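> Starting off with a structure, shown below.
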Amino acid sequence: MLRSLLLLAPMVGAAVAATEPNSPACPGYRATNVREGHNSLTADLTLAGKPCNTYGTDLKNLKLLVEYQTDERLHVKIYDANEQVYQVPESVVPRVDGKGGSRKKSVLKFNFKANPFSFQVKRGREVLFDTSGSNLVFQDQYLNLRTSLPRDPNLYGLGEHTDPLRLTTTNYTRTLWNRDSYGIPENSNLYGSHPVYYDHRGEDGTHGVFLLNSNGMDIKIDKTKDGKQFLEYNALGGIFDFYFFNGDTPKDASIEYAKVAGLPAMQSYWSFGFHQCRYGYRDAFEVAEVVQNYTQAKIPLETMWTDIDYMDRRRVFTLDPDRFPLEKVRELVSYLHKHDQKYIVMVDPAVSVSDNKGFNDGMEQGVFMKHQNGSLYKGAVWPGVTAYPDWFHPDIQKYWDGQFNDFFSPEKGVDIDGLWIDMNEAANFCTYPCLDPEGYSIENNLPPAAPPVRPNPRPLPGFPDDFQPPAASKRSVAKGSKVGLPGRDLLNPRYQIRNDAGLISSKTINTDLIHAGEGYAEYDTHNLYGTMMSSASRQSMAQRRPAVRPLIITRSTFAGAGTHVGHWLGDNLADWKHYRISIAQMLSFASMFQVPMVGSDICGFGGDTNEELCARWARLGAFYPFFRNHNEITSIPQEFYRWESVAESARKAIEVRYKLLDYVYTAFHRQTQTGEPFLQPMFYMYPEDKNTFSNDMQFFYGDSILVSPVHDVSQTSVEAYFPKDIFYDWNTGDVLRGRGAKVTLSNISVTDIPIHIRGGSIVPIRSESAMTTVELRKKGFELLIAPGQDGTASGTLYLDDGDSLKQSASLELEFKYRKGNLQIKGKFGMHTDLKINAITLLGQTSVPRQVTLSRAGKADSKFDPARQSVTIKTDLSLNESSEIDIN
């Protein structure tokens with residue numbers, strides 16, 4: 001949400017990193033006492049000369065652990081001999097079993113040089129990672145390690161950022177330090193930290209490198225003076241905890257990463273519907289009016305959201321008694337539920353320091369962050385002076401559960417269906433050192449004044465009497481091991497990362513605070529704050545409704561966040577630049593970071609959108625996994641019904657999205673089971689085609705649907721790249737034979753978007769769309785068969801009850817087409833009354849002589865010469881195998 005009030009705060013320039021942190025004066029380490037096993041290697045590392053102490057104190061004694069964890073994964077860990085240096089807690093990022101591999105069978109090989117110590121990771125004769133060009137630096141507040149790279153490498157990942165999908169390889173610094181970052185600027189640290197990169201080498205394969213370290217860091221990609229390419233880590237602490245993943249293809253590397261970071265959480269069927277929100281809905285009447293307007297405009301609305309407007313003076317776990325009184329909010333939620341729609345609200349981590357239940361309970365249980373002298377740490381956010389939950393506190397889950405059980409009680413509170421968590425980097429408007437949060441809040445009018453109380457301005461048919469106008473006015477500190485070394489400067493480390501907010505404590509929680517429990521420092525765990533809130537919130541939502549999958553959307557993330565939550569891409573702007581970059585952002589999270597429930601604020605959050613941009617964005621946004629229109633209080637309203645062309649675009653977009661919803665649900669489910677990305681950059685599908693490596697303006701929605709959006713103002717055409725394959729136009733059925741070149745697609749109105757089905761695909765779609773996903777799930781299916789260049793095609797369909805956390809039964813179908821024969825087989829664990837009502841075969845030039853169904857005899861078919869397709873009307877059960885011959 002908008003951070004415009006920050007202009008009143010003192011501005012601090014970004015810290016300037018050292019020009020050459022990896023000084024040749026540092027001696028490096030000497031490896032001794034090397035021991036090798038069938039799947040591991042250990043060694044002692046001893047400082048090889050006089051300490052350089054560039055940005056801290058050199059540690060004299062380190063340990064090396066190498067594990068061949070699987071045939072495709074290698075673990076290399078360099079840590080202090082006494083194990084006092086902070087390591088990412090296993091309670092936050094669980095570790096995988098590392099005992100299943102062997103050195104002989106591993107695709108990845110570890111080689112090292114003893115003095116000065118350096119190491120290589122190789123795949124066959126190919127060097128993937130090589131630290132021999134510089135000496136290892138391991139200090140109490142600074143780590144440095146550099147690997148050489150091939151010339152002009154294809155590198156991806158290292159989020160969160162709004163830079164191109166394929167990373168710049170000259171003079172590029174990617175800083176990982178989570179921060180509130182309105183406008184999501186380029187070349188800047190944003191809300192999340194994902195220290196994993198993918199190096200794609202075309203036909204030679206792909207590999208991934210994950211550094212499990214939550215400390216602030218600069219990752220530099222550049223060339224030496226003599227032109228040699230490198231990637232360099234510069235971290236403020238922690239250890240070197242590397243995981244190397246082999247991948248014959250980019251997909252394989254992503255799958256391997258999922259095995260370490262964790263498989264994504266499966267989402268409910270309804271969560272893939274259309275969501276509407278705005279910061280600035282003044283009261284419950286306006287929220288209800290928006291719901292009504294979508295219905296009248298015949299634009300399907302699945303879920304209505306409310307921003308912090310619903311709160312009493314912006315205090316979490318409260319309702320504004322005048323504008324969002326409990327009885328009206330409960331009536332609103334009841335109305336939505338009766339119409340098969342959902343309701344979601346925002347919860348921030350910061351709790352108002354005032355007389356309210358959230359604060360009083362937290363103080364009583366002692367779960368807020370404290371200074372080292374035991375006094376309450378205070379910041380300033382929307383409600384004014386605030387306290388911050390300590391997610392490491394032993395009683396924090398009890399506290400959080402209690403607030404959820406009370407405020408979100410289905411019987412007496414706000415019965416939400418999902419949760420939106422924001423400001424959890426954690427954000428703090430008051431600039432460090434923030435000695436007077438009370439004075440800052442007064443000076444900056446926190447909390448902001450609420451809008452005037454008003455009666456409902458117009459009737460809302462179908463809503464309770466409370467929502468109607470009055471009759472007269474009717475009108476139309478370290479406690480154990482792996483926690484952190486003592487004596488560090490936790491506020492001003494000598495090495496300063498390139499944090500665009502300035503000092504590392506600027507605009508966030510002070511980094512010298514010590515967490516309860518084990519005694520971790522905020523300095524080390526800052527990047528974990530949002531993910532720990534996500535984990536606690538998921539548990540709190542789950543104990544409210546233990547049987548169903550909780551939808552939780554967060555702003556701040558760390559590696560592994562996808563196991564708990566989805567992510568929206570933050571406070572973007574209503575312009576074409578942010579429209580375009582949303583594609584690369586989405587692909588990074590869904591394909592590379594294993595956070596597949598992801599999307600941008602459609603039509604833009606900050607600034608005024610316009611009709612053309614919003615119409616285009618409605619079509620593009622329908623291919624985001626998380627599909628939500630949202631903007632802020634000072635911008636013009638931008639609900640899809642505000643312009644007729646946008647309304648038309650939205651109706652068309654949602655119709656396609658809903659028809660494809662089960663196709664996407666199937667692919668998304670597969671990712672939660674195997675890690676195989678369901679949303680993919682073009683080079684994931686064509687890994688040997690160099691023309692796809694930098695393409696972040698097109699993407700695959702599942703394995704079968706290629707999306708090629710128009711991406712600039714006043715354009716009705718787009719140059720789209722088509723690899724050497726066969727494609728079918730979604731709307732016309734026209735066959736396009738790709739030649740590994742760009743093709744100009746023309747006459748694309750603002751309500752359309754180019755979509756093509758990749759040859760070799762069988763796409764199961766719903767026979768028609770619907771106004772809600774409950775209604776949609778009652779519709780039958782149609783199979784679209786798009787034969788590949790060899791005349792074959794295949795596809796899958798997964799069905800379950802759409803909501804249960806643990807499925808008692810499911811249906812998994814497999815479709816295979818070859819030489820006019822379609823076979824449908826599967827695992828029929830769940831009974832359904834749904835049928836396959838039609839089969840459409842694309843790329844045909846004439847009507848078939850005969851169509852035979854294995855269980856129903858002959859069937860009628862219809863040839864469409866304009867679409868070059870044959871459609872067969874069927875009544876095939878999904879509960880048994882079937883076979884169809886088309887001759």
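Yeah, the Cβs are placed from backbone N, Cα and C, and that goes for glycine too.
Note that the structure is predicted; figures quoted are calculated from it, not measured.
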> Write down the single range among 187-213, 457-483, 484-510, 754-780 that appears in Swiss-Prot as region 'Disordered'.
457-483
> Which secondary structure state does DSSP assign to N373 (N-linked glycosylation site), in the simple three-class scheme?
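Going by the DSSP assignment, N373 (N-linked glycosylation site) belongs to neither helix nor strand, so it counts as coil.
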> Around the C-beta of N293 (N-linked glycosylation site), how many further C-beta atoms are within 10 angstroms, looking at every protein chain?
17
> For a quick check of understanding: among the glycosylation sites N171, N373, N747, N879, which residue's Cβ has the most other Cβ atoms within 10 Å?
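Its Cβ has the most other Cβ atoms within 10 Å: N879.
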> Which residue among the active-site residues D422, E425 has the fewest other Cβ atoms within 10 Å of its Cβ, if you could check?
D422
> Where does E425 (active site) sit by DSSP, helix, strand or coil?
coil
> By CA distance, which of the recorded positions (N293, N373, D422, N747, N879) lies nearest to N171 (N-linked glycosylation site)?
D422
> How big is the Cα-to-Cα gap, in Å, between E425 (active site) and N879 (N-linked glycosylation site)?
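Cα of E425 (active site) to Cα of N879 (N-linked glycosylation site) measures 48 Å after rounding.
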> If one measures from the C-alpha of N879 (N-linked glycosylation site) to the C-alpha of N293 (N-linked glycosylation site), what distance in angstrom results, rounded to a whole number?
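Given the Cα positions, N879 (N-linked glycosylation site) is 40 Å from N293 (N-linked glycosylation site).
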